[in-house]
Amino acid sequence: MIKKYQEDSPKEDNSDDDDEESPDISNILTLFISILLEYLVNTIEGASVAINIPIAFISVILLPIVGNAVEHANAIMFAMKDKLDISLGVAIGSSTQISMFVVRVFFSIPFCVVVGWIMGHPLDLNFQLFETTTLIMTVLVVAFMLQDGTSNYFKGVMLVFCYLIVAASFFVHIDPLSIRKL
């Protein structure tokens, strides 16, 4: 005879108490982060004037470095352990997340424009020639460096120098529209 084997352990309770709490915690954290980001965005202009750094430099260079510090540290640790494929995956994955965010934002732009208008903060998505050209050039440089799927110190140094050039260009760039407002 064949007997079924059952463990003497108690049966699992199929209650989803943890699953019910997760959306509440997620909503609370989202609200908390939204409030913090509102303060951050409101202080960028004041900080820019106080320390004499362009807003574009703070927005495009400094905030992404701080926001992705953990990912950058992981990529460096993997590269030091000679796991360059994982390191590149982390670095490129961060860029992919940003591009996916842009795609999601693209479909919600009309909603954001209306909400911005209601709040009295017009949403301007008029990207100037400088920002657009910089984005296209950086995509081309990274694609060229990664096309063969290998990496070495020379390519890494070249990408760091390209990043420094972009950072310096955003630091010294003066938007023609801001000149007209003066």
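Cβ atoms are placed via backbone N, Cα and C, with glycine included.
Feature annotation from TrEMBL assigns compositional bias 'Basic and acidic residues' to 1-13.
Feature annotation from TrEMBL assigns domain 'Sodium/calcium exchanger membrane region' to 29-170.
The region 'Disordered' annotation in TrEMBL covers 1-22.
For 49-70 (among others), the entry in TrEMBL reads transmembrane segment.
Per TrEMBL, transmembrane segment is recorded for 90-117 (among others).
According to TrEMBL, the feature transmembrane segment maps to 129-147 (among others).
Per TrEMBL, transmembrane segment is recorded for 153-174 (among others). Residues 53-54, 56-57, 60-61, 79, 130, 134, 138, 141-142, 145 of the same chain lie 6+ residues outside the transmembrane segment (153-174) yet bring a C-beta within less than 8 angstroms of a C-beta in it.
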With DSSP as the yardstick, break the domain 'Sodium/calcium exchanger membrane region' (29-170) down into helix, strand and coil residue counts.
120 helix, 0 strand, 22 coil
